[in-house]
Amino acid sequence: MTEIKAVGVVGSGQMGSGIAQLAAVHGLDVWLLDTDPAALSRATKSITSNIHRLISKGQLSQAAGNDALGHLRCSSNLEELRMADIVIEAIVESEDAKKTLFLELDRIAKSSAILASNTSSISITRLASATSRPRQVIGMHFMNPPPIMKLVEIVRGADTSDNTFYATKALAERFGKTVICSQDFSGFVVNRILMPMINEAFYALYTGVATKEDIDTGMKLGTNHPMGPLQLADFIGLDVCLSIMKVLQAGLGDNKYAPCPLLVQYVDAGRLGRKRGIGVYDYRAAEQVKRSARL
């Protein structure tokens, strides 16, 4: 089985930075890559802040925290990934963008390296087809935020080898995660169930069944969900939800997965959720209060 000592992560958003943090805290050398220097800077600050918070709460020793930060390197140059044993992509949820990246990673990464995708819905088999190493391509879907959520969904493509699967599973378990396995169908397990529920919540709002507050309260108190579906959509990103619904509709060929027009409208308007300050809910006033409190 491939021994993983060095990890590359491409994409320094919330998912990528969280995965990089996990790897660093668990003693692996990590290269975090992003073409946007500002995004890398934000990710570095976020990871540093999160590790200091773990230290202050007694969940990590000062020495272990310093060691974790020493394992982390940031770069905008993909060539830095030449020595990585596994590269995990966590870029935008676009098949074309991921295939383009995998084509580059296939050229750069050493021949034994595993190429993993954090995609939440796109076919691993199709992503693997962009490479000359389909046996070493696998889906490794972390939940958001990766340092906190306990689950990793592993998806084997048509040609994924047993060695690739077991090495990836061992890495997830080293991170303290519970692993579930999915066949390579659109949406896999989690999002095939979750996203239609979120989409239906948008339809309930769109058709005037109830207010957004009552929809979320109903699901929180009526089904014991920790977060209502519309609030969760804002947390995930409405653009991500829309992208996954489109993948489900195209991949499964059923119009029951058609995205709600209200979801489409919000994304068209730039109302993408918490990351933009407004989605189904408006977070701008609360963010302003937080900024003022820090001054």
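Glycine residues also receive a Cβ, built from the backbone N, Cα and C atoms like all the rest.
Under the heading domain '3-hydroxyacyl-CoA dehydrogenase NAD binding', TrEMBL lists 7-184.
Sequence-distant neighbours of Met15 (NAD(+) binding site) (same chain, 6+ residues apart, CB-CB distance under 8 A): Ala90, Asn118, Phe142, Asn144, Pro145, Pro146. Residues or ranges marked as NAD(+) binding site by TrEMBL: Gly11, Ser12, Gly13, Gln14, Met15, Gly16, Asp34, Glu93, Lys98, Ser120, Asn144, Lys275.
Counting only same-chain residues six or more apart in sequence, the Cβ atoms lying under 8 angstroms from the Cβ of His141 (site 'Important for catalytic activity') belong to Asn118, Thr119, Ser120, Val152, Glu153, Ile154, Val155, Phe188, Val190. If you look up TrEMBL, you'll see His141 marked as site 'Important for catalytic activity'.
Sequence annotations record features per position, and here TrEMBL assigns domain '3-hydroxyacyl-CoA dehydrogenase C-terminal' to 187-283.
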Winner by Cβ contact number (other Cβ atoms within 10 Å) across the binding-site residues Gly11, Gly13:
Gly11
Intrachain C-beta neighbours of Asp34 (NAD(+) binding site), sequence separation six or more, cut-off 8 angstroms:
Val10, Gly11, Ser12, Gly16, Leu40, Ala43, Cys74, Ser76
